[in-house]
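Structure first, commentary second.
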């Protein structure tokens with residue numbers, strides 16, 4: 001029969017992993033529980049077997065299985081969900097399809113629509129080398145990659161050249177930069193565009209004037225009878241030259257690098273466009289004589305011819321002309337090959353046609369050099385017709401020359417055309433890239449685009465997440481303060497545990513934490529297990545939430561619930577020393593050894609009484625006589641009567657006598673009554689047991705099978721105050737708390753009985769009982785355990801019982817339970833117990849004389865469904881020392897699921 005969740009408890013909810021990273025054991029469990037794993041890449045889910053990813057262990061996905069901590073997982077993936085066994089990668093989902101197929105088939109292919117550089121980046125991210133590409137995709141991948149790298153290199157060079165224009169080392173850098181952009185970058189502003197248009201108009205006007213000056217109708221005759229330029233056209237040309245000169249000088253003055261400016265091809269063209277005009281004026285005005293004038297006139301004619309170079313100034317404003325020039329410069333190999341082929345063909349065919357036509361009358365092929373012209377126009381398929389062969393042999397040579405010319409010219413021309421096309425596209429792309437870069441810079445200056453480093457953005461987002469978590473925690477505390485206690489998830493603290501702690505030989509780590517609050521008579525004994533890998537994480541969470549919800553709702557008085565405020569705690573130290581007393585023979589009571597849970601006083605008292613000892617802690621040898629038992633637990637500072645009630649050890653009920661609180665004193669057991677003498681200031685505070693009616697019948701000797709006497713001990717209590725107040729922390733944290741240590745010594749063996757104490761796990765999971773119970777519950781730890789005889793069994797009376805248990809853990813945290821401790825702890829356990837009742841009709845939870853009933857608090861959460869059959873498997877040969885057995889005390893749902901790879905080890909009990 002499954003347990004029912006308390007009202008308001010959502011059993012499907014798990015611990016929030018938004019702010020608290022999971023334990024390594026939870027990560028390992030999530031990976032081992034399933035053979036498949038979900039890979040979410042860019043929102044596209046893929047499901048693959050773990051063994052498929054193990055084929056490439058050095059890749060990113062291959063390392064995913066070996067990551068068992070939160071930090072290592074975030075180094076491999078971007079996010080993960082352990083409940084869904086899903087890992088998220090914020091990458092290109094299309095490229096991941098090819099990569100995942102490589103894990104499955106061992107064949108790596110690149111999709112047709114993928115960019116080569118993008119696919120290469122994806123391969124680098126997933127840790128796969130590009131050499132694994134198949135031959136069908138490798139050529140295409142490398143070709144596209146080389147092409148893109150070349151374009152990026154050129155773009156980087158262009159941008160570096162433009163960014164290298166620094167004006168910081170010159171005078172008036174801002175003004176010079178603006179002037180340089182105005183003259184060299186027509187697209188930088190509207191004024192620059194207007195200036196470029198005006199410059200183009202001047203170039204066209206100068207070219208037209210140069211052409212019109214050659215018309216005889218417009219020319220003028222001087223005194224020497226020579227034709228000169230028209231005066232009106234000369235004035236137009238002078239204005240154009242003045243504009244060109246001013247433009248050239250402004251470019252030179254505003255240029256960041258003067259030498260680089262002189263070497264520029266466009267600047268050389270500008271200089272050649274204006275230089276002949278000034279040379280002509282200088283030569284004409286300096287030589288007035290007739291003889292000198294005739295010589296100078298020839299030179300001037302040469303410079304006048306150079307004026308036609310002004311048309312090349314249009315290349316500054318034309319991308320096509322710039323592409324043509326750069327294409328010829330980049331295609332010099334192809335051009336050289338073309339010229340070589342033509343030269344060889346001309347030489348061969350001119351020689352052949354000369355020997356074929358030299359014997360003819362009135363032949364025009366008089367020599368081989370004279371035949372070059374025919375071979376050239378024939379190979380280029382021009383054919384002017386001014387010279388041609390007449391003989392049959394000469395015509396055959398002419399036909400072969402035409403075919404050879406077509407083949408020779410046709411081979412390198414396509415290469416030159418492709419270069420021109422590619423360079424033209426590249427020029428256009430670079431112009432757009434420059435415009436885009438300038439637009440982005442303007443947008444950044446205007447604040448339209450915010451540039452941020454990815455690491456800074458991630459750090460900022462993490463800070464916002466922390467703030468959101470803190471705000472959520474504060475709002476939860478203020479809104480649900482009535483239902484919030486120290487077990488609520490809002491008060492959980494994260495404590496990193498090493499893997500060695502969770503996998504050590506210790507099966508359980510006993511921790512104690514006492515909660516004593518203002519206006520509350522409730523005492524909680526919370527324990528934590530350091531081996532959560534034996535149970536399912538989801539069930540641990542469900543049980544933990546169940547305990548959290550059950551305790552506040554089971555309290556009859558809502559005012560007695562926990563408040564967020566906690567008074568400061570102080571430290572008590574109780575030491576236990578042996579007191580030599582006369583040995584007496586203890587009468588052996590003829591009572592039957594209890595081997596069934598039905599004969600115990602309470603199921604809850606039995607299920608919470610098991611102590612765990614490792615194999616190294618069990619020793620048949622008696623411990624040293626001068627042994628000490630230190631019990632540490634936090635208590636509250638006395639301030640009110642309620643604080644005085646809750647100040648003692650766990651499950652220790654002090655008398656309600658008036659008087660000042662004692663700090664130091666001695667706690668002893670009287671022969672008849674169990675009392676606590678606190679004689680720090682002369683006052684005493686008695687501890688009275690509600691189980692005094694059965695003192696004489698229960699003797700420790702009754703359970704001993706030997707005649708070894710039991711030493712009597714005195715009890716001394718030392719209280720030490722610790723003023724520093726510490727907040728209530730969950731049991732899972734490993735931080736030291738203000739504790740109370742107690743040392744007890746037994747003065748009268750007649751008042752000693754045995755109870756099995758077991759910690760209540762903090763998350764509701766109940767570990768399988770496994771303990772070796774000795775006569776006085778032997779618990780050696782680091783030389784601090786008391787001396788006892790051999791490990792024997794106590795027979796329990798059917799009536800009331802008192803107990804003393806020593807528990808030792810690896811963290812030196814001990815527990816103490818005295819008579820009357822369950823007055824406020826346990827009254828009714830039936831609401832949450834779903835197991836079948838004993839057949840004899842008696843309710844073991846209501847056994848007479850078992851506990852006092854001063855508080856109606858429900859402790860049913862300590863019960864589970866198969867609790868009555870827990871000890872029924874104990875054999876009757878419990879008198880044999882060291883007998884071990886398996887104890888299946890709890891519900892089957894506590895154990896690991898059959899599908900889980902984790903194991904749930906059984907515990908051992910020696911009865």
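Note that Cβ sites are derived from N, Cα and C of the backbone, with glycine treated the same way.
Swiss-Prot lists 508-522 (among others) with the feature compositional bias 'Basic and acidic residues'.
Per Swiss-Prot, the feature compositional bias 'Polar residues' maps to 523-534 (among others).
Residues or ranges marked as compositional bias 'Basic and acidic residues' by Swiss-Prot: 560-569 (among others).
Per Swiss-Prot, the feature compositional bias 'Polar residues' maps to 685-711 (among others).
The annotation compositional bias 'Basic and acidic residues' is assigned in Swiss-Prot to 837-849 (among others).
For 851-860 (among others), the entry in Swiss-Prot reads compositional bias 'Polar residues'.
Summarising the annotation, Swiss-Prot assigns N-linked glycosylation site to 287.
For 369-380 (among others), the entry in Swiss-Prot reads intramembrane segment.
Counting same-chain residues at least six beyond the ends of the intramembrane segment (381-388), those with a Cβ under 8 angstroms from any Cβ of the stretch are 364-365, 373-374, 398, 402, 405-406. Per Swiss-Prot, intramembrane segment is recorded for 381-388 (among others), and the stated evidence type is similarity to another entry.
Per Swiss-Prot, the feature region 'Disordered' maps to 1-22 (among others).
Swiss-Prot lists 503-534 (among others) with the feature region 'Disordered'.
Per Swiss-Prot, region 'Disordered' is recorded for 549-571 (among others).
Look at Swiss-Prot and you will find 637-665 (among others) tagged as region 'Disordered'.
Among the features that Swiss-Prot reports, region 'Disordered' is placed at 685-739 (among others).
According to Swiss-Prot, the region 'Disordered' annotation covers 760-865 (among others).
The region 'Disordered' annotation in Swiss-Prot covers 892-911 (among others).
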Fill in: Secondary structure content of the topological domain 'Extracellular' (213-232), with strand meaning DSSP E or B
2 helix, 4 strand, 14 coil
Response to the item:
Residue counts for the topological domain 'Extracellular' (389-395) under DSSP, helix then strand then coil, are 4 helix, 0 strand, 3 coil
Worksheet, complete the sentence: In the same chain, residues at least 6 away from the ends of the topological domain 'Extracellular' (389-395) whose Cβ sits under 8 Å of its Cβ atoms read 353, 356-357, 360, 363, 365, 374
